[in-house]
Amino acid sequence: MATRSPYKRQTKRSMIQSLPASSSASSRRRFISRKRFAMMIPLALLSGAVFLFFMPFNSWGQSSGSSLDLSHRINEIEVVAEFPHDPDAFTQGLLYAGNDTLFESTGLYGKSSVRKVDLRTGKVEILEKMDNTYFGEGLTLLGERLFQVAWLTNTGFTYDLRNLSKVKPFKHHMKDGWGLATDGKALFGSDGTSTLYRMDPQTMKVTDKHIVRYNGREVRYLNELEYINNEVWANVWQSDCIARISPKDGSLLGWILLSKLSRGLLKSGHRGIDVLNGIAWDSDKQRLFVTGKLWPKLYQIKLKQASAKSGNYIEQQCLV
C-alpha cells in the first residue's frame, strides 16, 4: 500500500492557516467543510472501485436472488445432421459414450428401459427393461457404471456398461429422481424443482445444492442433465429451452432455444411427439446431440447468437 505524502499534508495545513485573520469562525468552518467534502469524493470513488474489484464476478449487476443480464449468452441453434431415433422411446436420459454409441434411458410404466444405441442407424443394440413398477428417468456414465434414477422414488440403479446387466440399486437423497450428469468425479442431479444437487457417487449423499434463478425467478422443472465444458446443461420440462448452469454455485450462465426442432417435426406430420428431452455431448469431437420424448429423430446441432427478441421468449416459454 502506498504511503501518504508529507507534502500533501503540509499543503492542506498551509491553505487552512492562510485564511485572513479577519475571517469569521463560520467562514473558516465552511472552508474546512468544503475541503473535507472535496476530499471525500475521490475516497468514495476509490472505495467503490476496490469493492467492485473484489466482488465475485457472478454477482455483478444482480441484486439478491436475481441473475445477470444474459442477453449476450442466449443462443438459438442450427441443425448439423439428423439421425434416426426410436419413435417409441420416451427419452429420459441420454449420453454419448464414444465410437458413435449412445446410451439412453426411457420412461413410462411398463416401458421403461436402459439401452445401448447406434448413433448412425438408431438401432437399439442392447436393451435392459426395468421392472414395471418403475418409471425410468435420468442416466449418466461414471467409470464403467451407468447410474439411473426413477420417478417418484428415491431408488436408483447401476448397470454394467458392457452388457447393461444390473449391478445394484441405490438410495439418493433428492426429493425425486429426474436428471443425472457427472463431471467424472461427482454426480449432479435434478428432481423437477429449481434445485441442482451435487452428490457423492460412493454414498449418494448430497454434498451441495443450489437454487437456479433467472431475473429473480426460480427456473423450475429442471429435467435431463448433461455436463458440458464445466457447465451443467438442463432441459426445462414442458419447454423447448436448455438452461446453462454453473455447477459451482448454481448461477444461470445462459439459455439455448430449440423451438425450431419441435416445430419442424409437427410441420412434417409427427403429431405424436412429446417434449424436448435428452442432451448428449461428444467431448472428443465437440459434437452436441439432442432429441425428445417419442421423437423420430435425433439431431446434431451447433449454437448461434439468438435474435434480440429472445429475452421475451425466455420469460414466456422457458420459465414454465
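Backbone N, Cα and C atoms are what each Cβ position is placed from, and that goes for glycine too.
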- line: Among 1-22, 67-88, 155-176, Swiss-Prot lists region 'Disordered' at 1-22
Whole-number Å value for how far ASN99 (N-linked glycosylation site) lies from ASN163 (N-linked glycosylation site) (Cα to Cα): 16
